[in-house]
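Some notes on the structure that comes next.
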Amino acid sequence: VEPNATIREIRLMFHKLYPRWYPARQSIKLDPKGKSLRDEEILQYLPVGTTATLYFKDLGPQIGWTTVFLIEYTGPLFIYFLFYFRMTLVYGLDERFTSSPHPVVNLACICHSFHYIKRLIETVFVHRFSRGTMPLRKIVKNCLYYWGFAAWLAYYINHPLYTPPSYGKKQINFAVIMFLLCEAGNFSIHVALSDLRRNGSKTRKIPYPTKNPFTWLFFFVSCPNYTYEVGTWISFTIMTQCVPVGLFTLLCFIQMTIWAKDKHCTYLREFKDYPSHRMPIIPFLL
């Protein structure tokens, strides 16, 4: 292997010798317990001498991230409708169970559908993935999470005994405005992050605010897309005043905080000039 060879080129060489292990399935490391090397890293710039030993690990069958997201987000979109349209297999044949007297139920369906339709559109037209695949075995766990919670939320929101929010239209209108603002913010951040990787670049860059006011949250946090996402589900919780939605929001917050902290640490590690005042997900706090 030439000193100026990239890890991607080494993966391709390995694949040529062992066709079973295509590049996306390979993890190449300098140390068996270390992190996988990135495709763009060059051999001569790694901490090795004139000879180097690289360690290979089989990551198992892989699936593209675009396909993963399409599967994860299409499920909740259609599962919710099974409960919204009061399918007889869910609530029975009683005539009282065929429609809801509460307008907020219809509004919740619109907002839930809008959220996942937006995610599908972003997956196809906006997102640029630094890693093209994920292990196929994880898709089952991810689908159980998204699909299962969608069914749980929909069951209670569309249930014949559902009770509308305590403060009526004021509570609902406030939640809808908050929901739309957070959705717009989340979309704006995804577009801004996508713009950092135009022309297929996989090089990580520091994201900065743009002229779009929704991106100004970059002044305070490293991952405002997660901040807006949590805000979306908080507003949906306020709108529906439903305990399962609140529990789902809490789990979302915990998981996204973990992701945000991980990305924040990566930024600090890779960029010496990274803004020191930024927090991972909540301005000035967390």
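Glycine residues also receive a Cβ, built from the backbone N, Cα and C atoms like all the rest.
TrEMBL annotations: computationally assigned, not manually curated.
Mean pLDDT, taken over the domain 'TECR-like N-terminal' (1-58), works out to 90 on the 0 to 100 scale. Residues annotated as domain 'TECR-like N-terminal' in TrEMBL: 1-58.
As annotated by TrEMBL, domain '3-oxo-5-alpha-steroid 4-dehydrogenase C-terminal' applies to 133-286.
Under the heading transmembrane segment, TrEMBL lists 63-85 (among others).
Same-chain residues lying 6 or more positions outside the transmembrane segment (144-162) and placing a CB less than 8 Å from one of its CB atoms are 72-73, 75-76, 79-80, 82-84, 86, 90-91, 94, 96-97, 100, 102, 105, 108-109, 112, 240, 242-245, 248. Annotation comment: TrEMBL describes 144-162 (among others) as transmembrane segment.
Per TrEMBL, transmembrane segment is recorded for 174-193 (among others).
Annotation comment: TrEMBL describes 213-228 (among others) as transmembrane segment. If you look at the transmembrane segment (213-228), the same-chain residues 6 or more away from its ends with a CB under 8 A from one of its CBs are 182-186, 188-190, 192-193, 207, 256-257, 259-260, 263-264, 267, 275, 277-284.
Listed as Cβ neighbours of the transmembrane segment (234-254) (distance under 8 Å, sequence separation of 6 or more from its ends, same chain) are residues 104, 107-108, 111-112, 115, 149, 152-153, 155-157, 162-166, 171-172, 174-176, 178-179, 182. Under the heading transmembrane segment, TrEMBL lists 234-254 (among others).
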